[in-house]
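Going by Swiss-Prot, these are the annotated features:
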TOPO_DOM  1-31  topological domain 'Extracellular'
TRANSMEM  32-52  transmembrane segment
TOPO_DOM  53-60  topological domain 'Cytoplasmic'
TRANSMEM  61-81  transmembrane segment
TOPO_DOM  82-105  topological domain 'Extracellular'
DISULFID  Cys103-Cys195  disulfide bond
TRANSMEM  106-126  transmembrane segment
TOPO_DOM  127-145  topological domain 'Cytoplasmic'
TRANSMEM  146-166  transmembrane segment
TOPO_DOM  167-202  topological domain 'Extracellular'
TRANSMEM  203-223  transmembrane segment
TOPO_DOM  224-243  topological domain 'Cytoplasmic'
TRANSMEM  244-263  transmembrane segment
TOPO_DOM  264-277  topological domain 'Extracellular'
TRANSMEM  278-298  transmembrane segment
TOPO_DOM  299-319  topological domain 'Cytoplasmic'
Amino acid sequence: MDTSTSVTYDSSLQISQFILMGLPGIHEWQHWLSLPLTLLYLLALGANLLIIITIQHETVLHEPMYHLLGILAVVDIGLATTIMPKILAIFWFDAKAISLPMCFAQIYAIHCFFCIESGIFLCMAVDRYIAICRPLQYPSIVTKAFVFKATGFIMLRNGLLTIPVPILAAQRHYCSRNEIEHCLCSNLGVISLACDDITVNKFYQLMLAWVLVGSDMALVFSSYAVILHSVLRLNSAEAMSKALSTCSSHLILILFHTGIIVLSVTHLAEKKIPLIPVFLNVLHNVIPPALNPLACALRMHKLRLGFQRLLGLGQDVSK
């Protein structure tokens with residue numbers, strides 16, 4: 001038997017690849033899940049590409065809020081594409097093997113895209129806060145330069161701070177098991193196979209979650225709390241409705257972003273049903289990219305009209 005796939009306990013060995021076993025407990029029929037997952041992936045690609053093209057095509061959408069939405073669409077495509085091709089290869093062709101470098105690269109990409117997405121949500125929250133609470137200063141503060149600098153900072157911050165995750169994982173010694181009960185290379189799933197101490201890895205993972213995603217989400221919800229307080233003080237029902245409509249689309253995106261991962265992190269059913277946290281982890285990386293564009297189309301009037309014009313369903317985006 002190939003030493004790379006057999007389970008041994010010789011500490012002198014160093015495995016050369018991991019085996020992604022797929023969804024725990026349902027290996028025999030997990031290929032049936034490939035159909036809905038493929039549809040979600042195609043929806044994520046098509047809908048987010050439609051957002052990007054629409055924003056580029058319609059001059060009325062050349063505003064900071066829509067530029068941020070376009071960047072979010074790019075990140076969503078990257079996040080979904082990081083995991084879905086390999087998952088479908090496992091389900092369709094039983095291609096479970098993945099080299100250590102490719103696995104560590106996937107760990108980095110998942111963490112990087114996820115943290116960048118969190119930062120983009122923070123930028124969108126700041127944009128709405130200034131637009132609603134400081135409307136007179138909005139044109140001078142939220143400019144194209146502001147969007148460029150903010151997104152540049154977010155990408156640089158998250159790109160650099162997530163580098164230690166795969167580096168620390170690569171420094172571990174993998175000498176015994178190489179079978180991962182997962183469809184993707186999750187950091188905690190990989191380092192759990194290491195033969196040496198992984199305390200530093202777990203600590204950095206926890207710190208990254210709190211410092212980046214935790215602080216971003218705290219600021220996001222604080223911003224929307226202030227926005228809600230300001231909106232409730234408006235005398236005009238029309239202005240209140242418009243403000244709430246704009247913010248609700250953003251909040252829907254954020255709930256997609258945070259909802260499933262909260263369930264995945266808490267994984268209350270992990271001991272009884274290991275499938276649940278693994279499946280939720282997969283869904284977290286494909287459902288938000290697929291549903292984010294739908295939430296935007298339903299709640300953002302200008303974007304919806306832009307879709308109609310681009311697809312030949314409408315004549316004038318300004319109507």
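All positions are counted from 1 along the displayed chain.
Including glycine, each Cβ sits where the backbone N, Cα and C put it.
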Cys103 (disulfide bond): secondary structure state under DSSP, collapsed to three categories: helix
Disulfide-bonded residues (Cys103, Cys195), the one with most neighbouring Cβ atoms at 10 Å: Cys103
Within-chain partners of the topological domain 'Extracellular' (82-105) [C-beta distance under 8 Å, separation at least 6 from its ends]: 4-5, 15-22, 30-31, 33-34, 37-38, 41, 113, 166, 169-170, 174, 183-185, 190, 282, 285-286
For the topological domain 'Cytoplasmic' (53-60), distant same-chain residues with Cβ under 8 A (at least six beyond the ends): 66-67, 69-70, 302-303, 306-307, 309-310, 317-318
Highest-contact recorded stretch vs the transmembrane segment (278-298), from 32-52, 61-81, 203-223, CB pairs under 8 Å: 32-52
Tertiary contacts of the transmembrane segment (106-126) (same chain, 6+ residues out, Cβ under 8 Å): 65, 68-69, 71-72, 75-76, 78-79, 82-83, 86, 98, 147, 150-151, 154-155, 157-159, 161-163, 165-166, 169, 184-187, 190, 208, 212-213, 216-217, 219-220, 223-224, 250, 253-254, 257, 285, 288
Number of helical, extended and coil residues in the topological domain 'Cytoplasmic' (53-60), per DSSP: 7 helix, 0 strand, 1 coil
Contacting positions for the topological domain 'Cytoplasmic' (127-145) when only residues 6+ beyond its ends and CB under 8 Å are counted: 64-65, 67-68, 223-224, 226-227, 230-231, 243, 246-247, 250
Segment confidence, the topological domain 'Extracellular' (264-277), expressed as mean pLDDT: 59
